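Peer 1: Below are the structure tokens for one structure; questions will follow.
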Amino acid sequence: MKYVIGIDLGTSAVKILLVNQNGEVSGEVSKSYPVMQEKTGYSEQNPENWVEQTVAGLIELLKNTNCRPEDIDGISFSGQMHGLVLLDEHHQVLRNAILWNDTRTSEQCQEIYEAVGKQRLLDITKNPALEGFTLPKLLWVKQHEPQLFHKAAKFVLPKDYVRYRLTGKLHMDYSDAAGTLLLDVSKKAWSKEICDLLAINIELCPPLVESHEEVGSILPHVATVTGLSPSTSVFAGGADNACGAIGSGILEEGKTLCSIGTSGVILSYEATGTKEFEGKVHYFNHGAADAYYTMGVTLAAGDSLSWFKQVFAQGESFETLLADIGDVPIGANGLLFTPYIVGERTPHADANIRASFIGMDRSHDRKHFVRAVLEGITFSLNESLDIFRQNGKKIETVVSIGGGAKNDDWLQMQADIFNAKIMRLNSEQGPAMGAAMLAAYGCGWFESLRSCAAQFLKEDYTWIPIQENVNRYQELFKVYKAIYTNTIQINKRLRVFRK
Ligand SMILES: Nc1ncnc2c1ncn2[C@@H]1O[C@H](COP(=O)(O)OP(=O)(O)O)[C@@H](O)[C@H]1O
Ligand SMILES: O=C(CO)[C@@H](O)[C@H](O)COP(=O)(O)O
């Protein structure tokens with residue numbers, strides 16, 4: 001039997017899957033690493049932690065399997081998007097990576113609009129200037145750390161750096177490059193125009209490749225340490241949401257994905273890069289060649305639940321924390337939560353907004369708060385789903401993946417709030433499975449990603465919306481939506497108190 005490995009470099013942890021030719025998961029490892037928040041709005045990670053934990057994960061995976069290293073035909077990657085990894089001329093890391101959920105760059109977003117123009121930026125990149133994207137981070141380092149910026153020879157994204165450490169080769173694939181705001185999304189080339197207008201040397205941008213392209217093999221010393229074979233081919237891989245889409249079979253028009261990881265995403269396949277969404281949703285290159293996807297992003301989806309657990313239930317597992325949410329009625333006895341703990345992206349591109357619990361009552365206990373957190377996260381994702389529906393998309397079934405897809409009550413809640421069937425596949429590890437599929441396709445096991453999906457992906461269970469719950473949630477959703485507008489000014493005034 002032959003195998004492939006999919007590595008998903010998430011924000012909370014690296015998840016590694018060993019998958020056989022039938023698409024069965026033969027081994028699975030997860031290794032976590034910390035996120036550093038030095039100030040409000042900041043979010044950084046040390047790239048060395050990604051490498052250490054990926055290597056540790058590979059060692060563990062190979063130790064616990066009977067598969068021979070030479071039977072692993074290929075490895076590919078999925079990774080958290082947008083994070084800036086700056087390298088010097090010797091490819092040494094110059095500073096901590098600035099992550100996708102770091103929002104320190106509002107001023108740089110304005111600078112981009114002033115230099116490029118809103119419409120021109122949309123024409124080239126298909127996206128607005130958002131704090132989380134990579135270009136504003138580059139400009140921030142240029143302005144605040146000029147001596148360090150001066151030493152920069154290349155920038156890459158998180159999984160590109162880990163791939164570089166395993167292979168010695170630097171690349172970036174189109175699906176991840178689209179999230180930098182430096183890519184001409186439909187021409188699939190770095191935009192010289194944007195680089196020139198913002199005085200960014202285009203030489204900083206790494207060579208571009210397709211996600212399924214072979215980019216190298218495992219370096220001998222990495223092979224010795226991990227137990228991998230130096231003959232195993234390495235394929236570029238893609239952005240975690242593009243890989244999540246591949247690993248969930250979102251490979252044709254009409255298919256929709258909900259991913260609840262640290263962030264939350266509602267994603268829809270697009271056959272062309274020429275539709276107009278006016279920047280209301282993100283519009284990026286897919287990991288499937290010459291395809292695209294649109295998505296709305298909740299900045300802190302799973303992260304809101306993790307934050308709640310860390311503050312109010314330290315040491316408990318997600319399973320015990322969520323054990324009794326099924327006993328709490330819809331609406332948590334009048335308690336609502338907005339998940340804006342690090343600001344928001346869709347539909348409110350607002351780095352300044354912060355979260356609220358509204359309606360706290362003497363009768364509430366912890367389980368009401370937990371249910372309110374889950375409902376708030378799901379309402380936020382429903383705002384993205386609404387944008388798609390308002391643009392004429394018919395959404396009847398949604399494939400749900402990520403850590404949030406581990407809880408059955410939450411999946412029923414998704415069905416009731418989205419008013420759509422929620423399908424869970426045989427593995428909720430969509431991005432890692434997508435990376436494994438890119439390796440399988442890259443190795444030539446299949447003639448297309450679609451035929452790989454037909455072999456690899458199986459439906460596990462589907463949750464059907466319960467009409468009575470749908471009606472209750474539709475009423476509550478109207479109240480939820482009113483919280484944003486009613487808390488903008490309050491949060492502006494609170495800003496000076498945040499450290
Ligand atoms: N058993 C569980 N039930 C519900 N949610 C969970 C569970 N375990 C983890 N999560 C959620 O999943 C999130 C992590 O999901 P994951 O897809 O691994 O994220 P990432 O790719 O960002 O590292 C956590 O923030 C947490 O909120
Ligand atoms: O910023 C985005 C998408 O634009 C995030 O979706 C990141 O890609 C992080 O993903 P997770 O760690 O939550 O999977």
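Cβ from N, Cα, C; glycine included.
Per TrEMBL, the features are:
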- 3-247: domain 'Carbohydrate kinase FGGY N-terminal' (DOMAIN)
- ASP8: site 'Important for activity' (SITE)
- MET81, HIS82: substrate binding site (BINDING)
- ASP240: active site, proton acceptor (ACT_SITE)
- 257-442: domain 'Carbohydrate kinase FGGY C-terminal' (DOMAIN)
Peer 1: Taking only the recorded positions MET81, HIS82, ASP240, which one has a CA atom nearest to the CA atom of ASP8 (site 'Important for activity')?
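Peer 2: Its closest listed neighbour, by Cα, is ASP240.
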Peer 1: Please state whether DSSP places MET81 (substrate binding site) in a helix, a strand or coil.
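Peer 2: MET81 (substrate binding site) sits in coil per DSSP, no helix or strand.
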Peer 1: If I take the alpha carbons of HIS82 (substrate binding site) and ASP240 (active site, proton acceptor), what is the distance between them in whole Å?
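Peer 2: Here the two Cα atoms lie 10 Å apart.
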Peer 1: Measure from the CA atom of ASP240 (active site, proton acceptor) to the CA atom of MET81 (substrate binding site) and give the result in Å, rounded to a whole number.
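Peer 2: The separation of the Cα atoms works out to 7 Å.
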Peer 1: Out of ASP8, ASP240, which of the recorded positions has the smallest number of neighbouring Cβ atoms within 10 Å?
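Peer 2: Selected from the recorded positions ASP8, ASP240 on minimum Cβ neighbours within 10 Å: ASP8.
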Peer 1: Including all protein chains displayed, how many Cβ atoms other than that of HIS82 (substrate binding site) lie within 10 Å of its Cβ?
Peer 2: 27
